[in-house]
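Visitor: What follows is a structure written as structure tokens; I'll ask about it next.
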Amino acid sequence: MSNNDIFRIHPAIGIARVGNSEEFYLGPETMAGMPAENSGDPSGGLPIKPETEDQTITSDDLRDNEGRLKRQAARFKIFAYDEAEVGSYPAKESREIKVGDTVTIGGVSRKVSSILWQVHLANKKANSWIEPHQGIEAYEPQDCSDRSPDIRNPKFDGTIPTEDLGDNLCCGSLDSLQSSDRLEKLVIDAGPHVVMASEQAISDSYLTKANFDNSSQNNFIENINFYCGDEGKIPAPVPVEYPKQFPNYQGANPPEHERIDSIGEMQTDKDGRLLVIGAYGKASGFNNDGTYNPDAPLNADVNNDNWFDDTADGPVEAVLIFEDGTAQKVQGSAWVITSDPAYAPQIPNIVNLWEDMYNTWVENFQLEPNLYNTKFGNTANDRINAEFVLGENYNPEYKPDFSQQIKPLLNGVNLQHWATNLLSTGVGQHKAVSELPMENPNWVGLMSFIRNPNLNNNSMPQDGTRMPLSLGDSEQDFLAISRTQYFFVYQWLIAGKVSDGMVLSSGEELDRNVLGNCLGGRFSPGIEMTFIVRDTNLYLDWNEAANQVGGPFRINQDQIDYKNLPSQGAVLGVGYMPLRDFKVQPGDICKFMSIPWHTDYNSCATHTPSPNAIGTNLTYWSWPAQRPVAVYNYEDVVCHEGLKFQRFSVRGDGTNAYFDPKTGEIQPYDQETVSARVGRFQDRRTFVGKSAETDKFNNWTKIGTIIQGSSIDQSEEDKGKVSDELLHTSYLEVASLFEEDGSNKVVPGPVPENHAVAPPEAMCPHASKWMNKEKK
């Protein structure tokens, strides 16, 4: 590489996660479930130990010494590209740039003396729209220019009423959301912060850490858009009196797990990389004037008025400072999202966030013209029968890469059963699918069992048995893989066209792996992001020459002028709205997610389909890789020396399907839907925080994590009770803090919603070391 004219931050979108510990680990940088190059190493998806390059964690690293759940940090790196790579994907080459490295810009060598990082985090969930059952179509500008779902907190003081259109839709939401009272009291805004990475800064601990809290001094990078050759003042961090916004606890004394005074933190490492760390998983209620309310109701799974949580999102920007006194803005900025904990990091989603985003870019931004181009028209469909309808404009001669574009899907199919209560026959069939070879798979009939994303599957009664065997997206009963995934599988199974050896550059691989470990497909609303990933307005248009320098998958960021802030009132406005050309502000990604996130996580175990066009009473899984339903617990496996039975991942006092939160007693009622309530807390407050009935709190912190058995730290007593082969091929729950199993017996599914429930298997007397830790 002769020149390093182009610099980009990767991953383009990073994921941090909440936990209730001060400690953290680094987010995974390998794709969940993918086999390691060395057969003895764990498969992809495991988080990384702090202060290491790629050493993956073991079970002892999931919690701190007091049993608290560790947080996850998103690690951002800077990569250099040659100018010749602009507009091409995949890029041929890139290299990471660290403090002390030398780069060549315009033929001149320059040594990196320091790196400035700027991040701005916010949470707009309480001043946003409800999660609509219509998905993104609810934002189609019909009836009025700002047609949208109903708003959250419509009774909040100062809210301008909207015009009701019925079916939870309205006009006039923009006027309502941008009222000053709402913008100032319903938006959590920590403002911008800057950290510096240099040899001197690291040794002096100067500007190497920042907290997105309600008291720290805000900073921003002055002259951030500075490039080599520019004249003027070199970019530098400067303080700014930014009007922070946090929940109002004046005159109140909420318990620690309800006091939101931070939405994350960040720091640099020894190489100059940036770590953005999630907050503490707190949720807090408020009155309609914004003051704290300890008794705010939790009446819904997704859209709860009068609640905050401490997730957040925002832009990540960087500037390289060189020893010769010049500087260079990193052209490809990034975005960070903080979200739920990952309780099954090595279990892949059948459709992950990367597949949805990749499909959007392939079909709308000419990401890979050799794969998708209008010149191909409908030629791919000329070869086939109606059952295998493909999307238009796909190249019939395209050869998908088996390792990169097909194998991740097959691995996801195979590993789902470690987080579900799938029938044993289904487990065997899924395993057989995952073992199909690249060449001559000899299972053409398999294509008929894969749900077609190009058809209306709600009209097909047989769809309840097709793959994926999961609940669908908005207005879809069942999940379908993406159009690109379906096309790749068709080319492999039916057309016999396949290749291997596709190589992504290091930065691009990081983009794919990080997003590949997140939920896609079923956005109701989802975990990390929702249906907005399919909206072209969310991104910088890569077809415009000025945006190609930054690379693909970049968020269409709204630039805030920190030197000229408003003299009063909120800085952030309504921001991004789907299907509009509004730019994206801090807090605009997470505002579409569940509020608080805990209630959605608790509820989304198994359900009957919706709208349920086939009229089934069977319950199916929502998103088991992100929200495990049934697990094999390590302690049970050791105690019984094998995989004898499963438990519900969410269990404990108050999870029995017959538990009545009003009386605090277990009593038979509503038998028609009893099995549809298994594997979750019947009282939402018990899961989120303190419950008046049971005086329990923070049950989300007690959930165990599924990891590969070979990464479990065994005691001397455990060793030899389970074979190494079983451990290496199994994914088991560890570090659960549920001392008792108060739920129900796990039976293989899909299960009818009126199926009888029974008590769970007895807890093994083999004591877990996690139970001996102090629980807080």
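Quick reminder: no glycine exception, Cβ is built from N, Cα and C everywhere.
TrEMBL: automatically predicted annotations, no manual curation.
According to TrEMBL, the domain 'L-Lysine epsilon oxidase N-terminal' annotation covers 10-337. Taken from TrEMBL, the feature domain 'L-lysine epsilon oxidase C-terminal' covers 469-610. Annotation source TrEMBL lists region 'Disordered' at 31-63.
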Visitor: Report the DSSP secondary-structure composition of the domain 'L-lysine epsilon oxidase C-terminal' (469-610) as helix, strand and coil residue counts.
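Guide: Reading the DSSP string over the domain 'L-lysine epsilon oxidase C-terminal' (469-610) gives 43 helix, 12 strand, 87 coil.
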Visitor: In the region 'Disordered' (31-63), how many residues does DSSP put in helix, strand and coil?
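Guide: Summed over the region 'Disordered' (31-63), the classes give 3 helix, 3 strand, 27 coil.
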Visitor: Taking only the residues in the domain 'L-Lysine epsilon oxidase N-terminal' (10-337), give me the average pLDDT of this model.
Guide: 95
